[in-house]
Structure formats: structure tokens, C-alpha cells
Amino acid sequence: MSIRNTINRIIIRRNMSDSIRHYDYLVIGGGSGGVASSRRAASYGAKTLLIEAKAMGGTCVNKGCVPKKVMWYASDLATRIGHAHSYNLFEDLPLTKENLTFNWPEFKKKRDAYIHRLNGIYERNLTKEGVDYVYGWASFTVDGKVQVKKADNCTETYTADHILVATGGKPIYPAKIPGYDYGVSSDEFFELEDQPKKVVVVGAGYIGVEIAGVFNGLGSDSHLVIRGETVLRKFDDCIQETVTDTYIKEGVNIHKSSNVTKVEKDESTGKLNIQLDTGKNIDNVDSLIWTIGRRSLLGLGLENIGVKLDAKEQIVVDEYQNSSVKNVYSLGDVVGKVELTPVAIAAGRKLSNRLFGPEKFKNQKQDYENVPSVVFSHPEAGSIGLSEREAIEKFGKDNVKVYNSKFNAMYYAMMEEKDKTPTRYKLVCTGEEEKVVGLHIIGDSSAEILQGFGVAIKMGATKADFDSCVAIHPTSAEELVTLT
């Protein structure tokens with residue numbers, strides 16, 4: 001793109017005025033799915049506009065996957081530094097958890113600067129692909145136009161042949177609990193300026209588990225309040241049990257079968273008192289973090305054009321991402337199918353392939369089956385396909401065979417028992433050919449290991465296919481191709 005064209009594009013963005021501008025494709029939401037779809041559409045020559053309310057990259061870049069993983073790295077490194085003595089390293093240094101120092105404010109500055117750089121990269125990539133973008137809050141008018149209210153309260157109006165709603169989600173707050181607003185959401189976790197000495201995380205899902213693990217690894221007195229007996233209840237039993245037991249062993253205070261009933265604040269100290277329905281109180285708390293779920297981010301005037309929502313207020317779409325209104329589409333967290341960044345990216349690209357690409361893509365759609373997912377807990381956990389329970393429900397107990405292995409990875413061979421974390425693998429197979437319909441792993445590097453095995457399961461691999469692969473020794477992953 002020439003300098004003149006670049007300048008012209010900047011001028012267009014600055015002077016999109018009161019006149020109504022028309023596009024081939026208008027995308028509401030600058031998260032992973034929206035950005036991917038807009039860039040792919042523009043690559044086919046579609047005149048494309050992307051509207052984002054806050055910062056490019058959406059939840060993943062700004063309040064989710066990316067800053068979370070950076071925090072996880074810090075916490076994981078803190079834990080591993082403590083293992084050095086087992087390998088006779090730094091024997092003259094006190095590398096215990098009690099002696100750990102972590103400069104949270106300085107680390108936050110570096111992390112936030114990294115995220116800001118990513119925001120800029122997103123903007124530059126959009127410009128490179130020829131996508132126009134504006135910042136502001138989008139809403140539909142009754143005649144199907146899209147109005148954007150910008151930060152300066154100016155309003156711009158657009159029309160388009162095709163419109164994608166990819167606005168993502170937002171955290172849920174327990175508004176009925178007295179004092180709930182003394183706590184913050186998982187989004188606001190990244191805004192904490194100082195490390196809390198004592199923290200309570202509420203919620204058994206992967207977000208709560210990851211945040212509690214980060215705090216514990218960095219030396220905070222970490223409490224996790226869950227309604228059931230185990231964390232990660234949407235995962236296979238082996239993951240639920242292993243992560244729960246390991247967290248307890250590593251010092252996370254898990255309050256099982258508990259619900260928060262009231263939150264009080266001592267105005268003189270700023271400390272919180274968390275009351276549970278078990279009669280127990282957690283006092284002298286510095287920070288309370290709610291991770292009890294997320295809901296679709298709407299407020300777009302979808303009712304003005306008749307877009308149908310389900311009982312959870314998620315946009316109803318068919319297998320091709322079509323909403324109930326012609327030429328209006330939706331994907332990502334706002335539809336609630338598989339709420340993962342790579343899924344939104346893949347769905348966004350395939351939608352644009354279908355709408356603007358060559359004939360070979362006219363029936364392309366996203367496959368939501370066998371999507372690998374991981375939890376950056378301590379240790380990591382990963383899963384693809386059916387859990388053992390789901391497989392039995394679907395195929396019958398007599399048609400399901402399960403292979404299990406539990407061991408200590410070689411990394412821990414030099415350590416005392418108290419410092420070891422378990423590795424546990426499970427294959428769920430069905431039918432005479434023993435097709436692998438589920439794989440569940442817990443242990444170091446599970447996220448990296450799962451990616452390759454995810455390809456195998458997506459291709460329909462059988463237990464015999466796994467067995468035919470020569471193991472890489474010595475590794476933990478070799479266990480998956482030697483299970484008996």
C-alpha cells in the first residue's frame with residue numbers, strides 16, 4: 001500500500017462523518033473472531049468495516065488468554081525455582097516459597113506494555129489488509145442501519161450487505177449477594193495494582209482454577225470457594241480429581257460444597273470478611289475475585305431487527321453462523337457454542353470464505369466436534385473429545401474401553417515426595433476397532449502435548465494407531481502410545 005493510500009485511509013477514518021457509509025461487510029466486535037473474519041473478507045476484496053468498543057483483540061488479548069498465560073508463566077517459574085535445590089543448584093540460597101519475592105507492580109507494567117503492543121499489531125494488520133476500523137459502541141436501528149457512538153459522543157451511521165455480530169462475553173456478578181461489589185471480576189483481576197496477601201476466588205471453572213493457581217504459585221494465601229466437591233466439573237473425572245487433590249496438596253485452601261452468602265468490608269483496614277453458607281468465615285481478605293461464569297455482551301439493539309436469542313440470551317445461529325435475520329451472522333462467545341479463541345478465529349475465517357471466497361468454499365462451516373482445550377492450572381490439564389461418562393452415555397458401557405496411567409514424570413525423580421505433582425493420562429475408546437473418542441491428560445506440558453494428539457483424534461485415530469507409533473524416550477508423552 002502506497003504512502004498516499006495510507007494517508008487517505010487515515011483521513012477516511014478521521015472524517016467518517018454524518019453521511020451514511022456503505023460496506024460489503026460490517027463486523028461488530030474486534031475480538032479474535034471479528035478480526036479474523038474481517039481480515040479474511042478484505043483479502044477477497046470485500047469493502048470491510050470493523051467496529052470495536054474498547055481495545056483490539058477482545059477478551060483473549062486484553063483480559064484473558066494472553067495476560068493470563070503471562071501470569072501463569074511467572075507463577076510456574078516461581079514454583080520451579082523452588083525445585084532447584086533438588087538438583088543441587090543454588091544450595092546457598094533460600095529458595096522456599098516463604099522467601100519468594102515478586103514485584104507485582106513492575107511486572108504488571110511490563111505485562112500491560114506487552115498487551116498494548118499487541119493492540120497496535122492488531123491495528124496494523126487490519127490496515128495492512130485494507131480493513132477500515134472505528135472505535136465506539138455499535139447498535140442497530142429499526143431500519144437495519146448500524147449506528148456507532150464514539151468516545152466524543154459523535155454518532156456515525158453505516159449500512160452493509162452482510163453484518164457479523166462477534167461481541168464476545170462479559171463476567172457475571174452475583175448481584176443478589178450482599179456486598180458482592182466489594183469483589184472484582186476475572187477481567188478486573190488484571191487491573192490489580194498490588195499482589196493481595198490473602199485472596200478468595202469464587203468459582204470451580206477453568207478461569208477460577210487458573211487464577212487461584214497463579215496466586216498460590218506467587219505466594220499469596222489462596223482460597224477457592226466451589227459449590228461441589230471438585231473443580232473443573234465439565235471435564236473428565238480424572239482431571240477433576242487430580243487437579244483438586246493437587247491444589248490442596250500445594251496449599252490452595254479449597255472450600256468445598258460452599259456458597260458465599262455475604263461480603264463485609266472493614267472500612268478502617270480495607271479487609272474483607274467472606275461469609276459462607278457452611279457457617280465458616282474467611283476473614284482478613286485483601287481481594288475477592290468472582291469467576292462464576294460469563295454471559296453474552298449484547299445491548300446492541302438486536303431486538304430492533306428481530307435477531308433471536310435463546311434462554312441464556314445468546315444469539316441463536318445455525319451451522320453456518322446465520323442468525324434468524326438474513327445477512328446477519330454471529331460467532332464466538334456471544335453464541336455460546338465452544339467459547340475458545342481458536343474456535344472463534346476458525347469460525348470467522350470460514351464464514352468469510354463462504355461469503356466472499358471462491359466457489360469451493362460456498363458450503364464451508366465450522367466443525368465444533370473434537371475441539372481440544374486446556375487449563376493452565378498447576379499442573380496443566382488438557383482434554384479433547386468425550387469424557388468417560390459421556391462415552392458410556394453415548395455408546396453404552398459394554399462398548400467403551402478405557403486406558404489409564406498415573407505416574408510421576410522424570411522431572412520429579414530427584415525430588416522428595418512432597419514436591420512431586422502427578423501425571424495422569426486417559427484414553428477413552430469405543431467399538432471393536434477401539435476408536436479413540438476421548439483423551440484426557442494432566443501433567444507438565446500438557447498443553448503442548450495435546451496439540452499433536454488432537455490432530456490424531458480429529459483424523460479418527462484408533463488405539464492401534466497410537467500403539468503403532470514408536471515412543472519418544474524418555475518423555476511423559478510416550479505413555480500415550482504405550483498404554484495397555
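For all residues, glycine too, the Cβ spot is worked out from N, Cα and C.
Feature annotation from Swiss-Prot assigns active site, proton acceptor to H473. If you draw a 10 Å sphere around the CB of H473 (active site, proton acceptor), it holds 8 other CB atoms from the protein chains shown.
Summarising the annotation, Swiss-Prot assigns glutathione binding site to S32, R39, Y122, T242, R349, K426 and lists similarity to another entry as the type of evidence. The secondary structure of S32 (glutathione binding site), as reduced to three states from DSSP, is helical.
Less than 8 angstroms from the CB of A204 (NADP(+) binding site) sit L224, I226, R227, G228, T230, V231, L232, R233, each of them six or more residues away in the same chain. The annotation NADP(+) binding site is assigned in Swiss-Prot to A204, I207, E210, R227, R233, G293, E339, V374.
A helical conformation is recorded for C60 (disulfide bond) in the three-state DSSP classification. The 10 Å shell around the Cβ of C60 (disulfide bond) contains 22 further Cβ atoms across the protein chains shown. Summarising the annotation, Swiss-Prot assigns disulfide bond to C60-C65.
In this structure the residues listed as binding glutathione are S32, R39, Y122, T242, R349, K426; their two most distant Cα atoms lie 41 Å apart. Measuring Cα to Cα from C60 (disulfide bond), the binding-site residues that fall within 10 Å are S32, out of S32, E210, G293. Summarising the environment of R233 (NADP(+) binding site), the number of other Cβ atoms within 10 Å of its Cβ, over all protein chains shown, is 14. Between the binding-site residues E210, E339, E210 has the most other Cβ atoms inside 10 Å of its own Cβ, all protein chains included. Of all the Cβ atoms in the protein chains shown, 21 others lie within 10 Å of the Cβ of R349 (glutathione binding site). K426 (glutathione binding site) carries a strand DSSP state (E or B). Neighbour list (I207 (NADP(+) binding site), Cβ cut-off 8 Å, at least 6 residues apart, same chain): S186, T291. A separation of roughly 26 Å, to the nearest angstrom, links the Cα atoms of C65 (disulfide bond) and K426 (glutathione binding site).
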